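Everything on this sheet refers to the single structure shown next.
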Amino acid sequence: MFDLTGKHVCYVADCGGIALETSKVLMTKNIAKLAILQSTENPQAIAQLQSIKPSTQIFFWTYDVTMAREDMKKYFDEVMVQMDYIDVLINGATLCDENNIDATINTNLTGMMNTVATVLPYMDRKMGGTGGLIVNVTSVIGLDPSPVFCAYSASKFGVIGFTRSLADPLYYSQNGVAVMAVCCGPTRVFVDRELKAFLEYGQSFADRLRRAPCQSTSVCGQNIVNAIERSENGQIWIADKGGLELVKLHWYWHMADQFVHYMQSNDEEDQD
């Protein structure tokens, strides 16, 4: 179990929809500080959050998840002045625009990876941090393919690969930073938008999705926090249809164990 009491939480996402509902739940968990980094200002949402728990300090910065990593470093140097340290980093910025592959990949995958690479040194126990937890909010079509939203699905598959790689004990045993992901199923805020398929053959399915039964953003937000509280390093959760399910991870490359053993034996030989 991960206790959120007294934690310093940094949430990278637009403060609307799933991010807002997740933040509302976080504010009921007696966290000490909440930093919200988003692309546009939303003072009404910030005020709504503050009313839930006046004693929790809320900070806001406008943030472009696609900025260069060197700019992120300068940015987070300023963020850390207010936050002191970060216990939990939540990455929730997302874009589904099949007509703009670059923007979709940069927002959903590259920007998230650059954010993690920038923030990790502040959290790393061996670099003066306190350890903690990184939560990547992604999609169920990062687990199974989508013939309609091909670029979006590819970016979300990347998030899962990055999460599982970074959660390896090779890193966790050193830096004390656990990494997990929550895959959201179809959620109202997503399907309410005008959705375009990657190819015109899939457009009828994209149009039909807008009328499909979907979970509410509030239920999804609650289950994201539930997953955080139940999390262990490397876990992948599905938050869909009002429920929460732990993904059973599978290794397809049967040489993986032998390869890792080989690499570890070489490390031991180098130390000798």
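Each Cβ is built from the backbone N, Cα and C atoms, and glycine gets one as well.
Summarising the annotation, Swiss-Prot assigns active site, proton acceptor to Tyr152 and lists sequence analysis as the type of evidence. Tyr152 (active site, proton acceptor) carries a helical DSSP state (H, G or I). Within the same chain, residues at least 6 positions away in sequence whose Cβ sits under 8 Å from that of Tyr152 (active site, proton acceptor) are Leu95, Cys96, Glu98, Thr104, Asn108, Ser139, Ile141, Ser146.
Under the heading NAD(+) binding site, Swiss-Prot lists 11-34. Shown in sequence order, Leu4, Thr5, Lys7, Val225 are the residues of the chain, 6+ apart in sequence, with a C-beta less than 8 angstroms from the C-beta of Lys29 (NAD(+) binding site).
Counting every protein chain shown, 29 other Cβ atoms lie within 10 Å of the Cβ of Ser139 (substrate binding site). What Swiss-Prot lists as substrate binding site is Ser139, and the listing cites similarity to another entry.
Ala32 (NAD(+) binding site): 16 other CB atoms within 10 A of its CB, across all protein chains. A strand conformation is recorded for Ser139 (substrate binding site) in the three-state DSSP classification.
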